[in-house]
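Trainee: My structure is below; once you've seen it, I'll send some questions.
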Amino acid sequence: MDRQPLLETSTEKQSTAGRCGKCLQVLRRQLLIVCLVLALVLGASVGAALRSLDPPLSSRQIIYLRFPGDLLMNMLSFLIVPLIASSLVSGLASLDTQSSGKIGLRAVVYYLMTTLAAVVLGIILCVSIQPGTRGGEPEVTPEDDVTVVNTADTFLDLIRQCFPDNIVEMCFRKTVTEQVLRPNGTNVSMTTVQNDTGGETVPSVYDPVPVKTDGVNVLGLVVFSILLGVVTGHLGDRGRPILIAAQAVCDATMCLVQLVIWYSPVGILCLIAAKLVEIEDLARTFQQLSFYFLTVTAGLLVHAGATLPLIYLAVVRKNPYRYLLGVLEPLVTALATSSSSATMPVTMRCLEVNNHVDPRVVKFVIPVGATVNMDGTALYEAVAAIFIGQMRGFHMDIGRIVTISITATAAAIGAAGVPQAGLVTMVIVLSAVGFPVDDVALILAVDWLLDRIRTAVNVLGDAFGAGIVHHLSKAELRILDQQNIALPEDDVIITVEHEPRESTSLLQDDELKNKYSATKCHDKKFVDVNTFISTKL
């Protein structure tokens with residue numbers, strides 16, 4: 001009589017324990033994402049609390065507060081060069097020339113399509129909302145420093161950086177053209193700004209001078225790595241040592257990335273808190289630029305939440321939001337670091353582990369996408385240019401809108417994956433349509449926050465691109481697998497070119513056994529070394 005209640009109680013306890021166990025497993029798997037989100041919330045809270053101190057924090061104290069965040073940025077930055085080079089070389093070398101060409105073409109088409117879609121969306125929203133005619137006009141102080149940029153020289157710099165003169169120097173220095181003021185000079189370039197009344201304002205005369213500046217030449221590194229990877233794959237067996245070395249470097253770098261990521265919540269908390277403390281008048285800044293901020297943010301959210309998922313759904317025919325959940329970690333990292341290049345290691349790891357994208361595709365699409373695929377930056381530049389034109393009373397005709405579309409798309413491709421690089425390319429867009437380039441200073445007050453949001457959109461665009469290219473390239477990848485071309489995370493399977501020998505002599509050949517003992521088979525069916533050798537022969 002009393003056994004039935006006891007059994008029911010025991011079953012309920014087991015069910016409760018099972019549910020708790022599942023919850024703990026889910027929490028353990030998502031612990032890093034939970035820590036990153038908490039770091040964002042706590043960073044904003046700490047920053048808001050520190051703003052209320054009287055007297056406010058000094059510049060030295062702000063540097064101390066930001067120090068753990070600076071360490072995080074340094075850690076992520078020093079991993080960029082080995083990760084880009086090794087991932088591109090190993091990824092492309094494991095593909096044949098035809099397959100790598102098709103994957104590259106699909107990636108480029110996706111980059112251009114999504115970037116142009118982002119620009120068109122930004123223009124539609126800006127023309128509809130008219131943010132330049134609303135709100136107060138931002139103040140520009142004389143101390144605001146605006147870089148003088150010439151459009152032609154900037155595009156020449158992009159081409160020049162693709163082919164650096166020193167492969168070692170490109171890891172820490174790149175060539176850019178500076179506009180040096182010449183009080184009295186001839187045969188020099190000058191920029192003419194034309195206003196709507198027909199008058200011309202001729203600024204100071206500048207002479208273009210190519211100089212070396214500090215910073216990783218990402219374009220040159222990508223071009224060199226792509227060429228080396230394609231040539232290594234074309235060499236066949238002679239290129240296998242390069243492939244194995246590149247794969248070893250890539251694996252070691254990803255292990256370092258894993259260590260850095262677990263430190264990232266601490267750095268993110270300090271970065272957010274320090275940035276909020278640095279702003280002098282937060283309420284007034286957002287009041288003056290509220291409609292501009294809302295227009296850019298709305299465009300970025302629509303592009304990230306609707307445009308990119310719809311493209312993924314149309315091509316892959318799978319739930320795009322489930323795919324998006326797998327890359328939440330790099331999105332949070334992008335919001336904190338404001339650098340798509342620094343977020344690249346996290347993106348690659350999440351795509352391979354969470355979304356199961358082929359590593360060969362990830363190692364090609366993500367490094368290239370972090371350099372040239374800037375959907376959020378393109379949308380921001382289009383909106384900012386039209387906003388400045390509206391605020392200054394310029395007539396936005398169809399010619400200027402088309403010019404903004406083309407120039408913003410091209411400039412976004414050339415924007416480096418570092419914080420606030422879009423401000424420099426923003427000057428290119430303004431110069432192309434004849435707007436005063438000094439007005440870039442008008443939007444500096446909120447650019448620090450918009451830069452983080454558009455960086456997250458850039459990272460999301462790269463992630464969706466990897467999934468789409470992976471889906472479209474399944475046929476080529478399947479053929480490569482059938483030809484025993486190993487995945488990059490495995491050691492290369494060595495093919496025996498001589499005639500088969502007798503089984504007894506084969507199994508007694510210690511040199512051959514040792515040769516194969518360091519290899520792995522992709523389909524995981526071979527466990528015993530002798531069986532593996534016999535089957536391959």
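Counting starts with 1 at the first residue shown.
Positions of Cβ are set from backbone N, Cα and C atoms, glycine also.
Worth saying up front: this structure is predicted, and the values here are computed from it rather than measured.
OK, TrEMBL features for this one:
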type	residues	note
TRANSMEM	31-51	transmembrane segment
TRANSMEM	71-95	transmembrane segment
TRANSMEM	107-130	transmembrane segment
TRANSMEM	216-235	transmembrane segment
TRANSMEM	256-277	transmembrane segment
TRANSMEM	289-315	transmembrane segment
TRANSMEM	398-418	transmembrane segment
TRANSMEM	424-450	transmembrane segment
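For each listed feature, how buried is it and what is near it?
Mentor: Within the same chain, residues 57, 65, 261-262, 264-266, 268-277, 282, 328-329, 332-333, 335-336 sit at least 6 positions outside the transmembrane segment (31-51) and bring their C-beta atoms closer than 8 Å to a C-beta of that stretch.
Nonlocal intrachain contacts for the transmembrane segment (71-95), taken as residues 6+ away from its ends with a CB within less than 8 angstroms of a stretch CB, comprise 103, 171, 216, 218, 221-222, 224-226, 228-230, 232-233, 239, 242-243, 246-247, 249-250, 253-254, 256-257, 260, 263-264, 266-268, 271, 337, 339, 341-345, 348, 359-364, 366-368, 476, 480, 485-488.
Tertiary proximity for the transmembrane segment (107-130) is limited to same-chain residues at least six positions away from its ends with a CB under 8 Å from its CB atoms, namely 291, 294-296, 298-299, 302-303, 307-308, 311, 364-365, 368-369, 372-376, 378-383, 386-387, 390, 396, 401, 404-405, 408-409, 412-413, 457, 461, 465, 468-469.
Within the same chain, residues 77, 80-81, 84-85, 88-97, 100, 158, 161-164, 167, 169-175, 242-243, 246, 341, 367-368, 370-371, 416-417 sit at least 6 positions outside the transmembrane segment (216-235) and bring their C-beta atoms closer than 8 Å to a C-beta of that stretch.
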Trainee: Do any residues of this chain, six or more beyond the ends of the transmembrane segment (289-315), have a C-beta under 8 angstroms from a C-beta of it, and if so which?
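Mentor: For the transmembrane segment (289-315), the sequence-distant neighbours (Cβ-Cβ under 8 Å, at least 6 residues beyond its ends) are 110, 113-114, 117-118, 121-122, 125-126, 129, 131-132, 134-135, 138, 321, 323-324, 375-376, 379-380, 383-384, 387, 442-443, 445-446, 449-450, 453-454, 456-457, 460-461, 464, 467-468, 471-472.
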